[in-house]
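Q: Have a look at this one.
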Amino acid sequence: MDSGTEEYELNGGLPPGTPGSPDASPARWGWRHGPINVNHYASKKSAAESMLDIALLMANASQLKAVVEQGPSFAFYVPLVVLISISLVLQIGVGVLLIFLVKYDLNNPAKHAKLDFLNNLATGLVFIIVVVNIFITAFGVQKPLMDMAPQQ
């Protein structure tokens, strides 16, 4: 090993000319060497969360349809309808909350406390949605057996 007098800073920049330093390697697609636009990053993150929220919303709507098709004779009819309804309402609330989070300017320090609260609220609501959906899965939603029986 070379025991030269060069100093390297942990997680710091590489000296010019060193392989991997910004001036030695060309910029790759998707990589930038400037600061990150925080508003753009937050908007992308909220858009991704919204898409996942929509997917879960569609899955819960499908589960609600299956439970309603089975009717009140299904053993867990009432608990599942209540849990799925709670999940749907919370998901709509989180979706609206994410829209508000995207609209705020993250560069304004006066709004940081409010944004932090709203972000923590959204995270807490998502956690509650996950727990509710675990219970929905535990009770089980099956398609009606009438659809599987041959018609004569």
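Using the three backbone atoms N, Cα and C, a Cβ is placed for every residue, glycine included.
Residues or ranges marked as N-linked glycosylation site in Swiss-Prot (evidence: sequence analysis): N60. Feature annotation from Swiss-Prot assigns N-acetylmethionine to M1; the stated evidence is a large-scale study or a structure entry. What Swiss-Prot lists as phosphoserine is S21, S25, and the listing cites similarity to another entry. Residues or ranges marked as region 'Disordered' in Swiss-Prot: 1-26. Residues or ranges marked as region 'N-terminal adhesion motif' by Swiss-Prot on the basis of experimental evidence: 26-37. Swiss-Prot lists 40-69 with the feature region 'Required to induce plasma membrane rupture', giving similarity to another entry as the kind of evidence. According to Swiss-Prot, the region 'Helix alpha1' annotation covers 44-55, on the basis of experimental evidence. The region 'Helix alpha2' annotation in Swiss-Prot covers 58-74. Summarising the annotation, Swiss-Prot assigns topological domain 'Extracellular' to 1-78, 139-152. Residues or ranges marked as topological domain 'Cytoplasmic' in Swiss-Prot: 104-113. Annotated transmembrane segment per Swiss-Prot: 79-103, 114-138, in sequence order, evidence recorded as experimental evidence.
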Q: Non-local Cβ contacts of the residue listed as 'N-linked glycosylation site' (under 8 Å, 6 or more apart, same chain)?
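A: Within the chain, the residue listed as 'N-linked glycosylation site' has Cβ neighbours under 8 Å at I84, S87, L88, Q91, N133, I136.
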Q: Restricting to the topological domain 'Cytoplasmic' (104-113), report the mean pLDDT as a whole number.
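A: Computed over the topological domain 'Cytoplasmic' (104-113), the mean pLDDT is 80 on the 0 to 100 scale.
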Q: What parts of the chain pack near the region 'Helix alpha1' (44-55), using Cβ distances under 8 Å and only residues at least 6 beyond its ends?
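A: Residues 91, 94-95, 98-99, 101-102, 122, 126 contact the region 'Helix alpha1' (44-55) from elsewhere in the chain.
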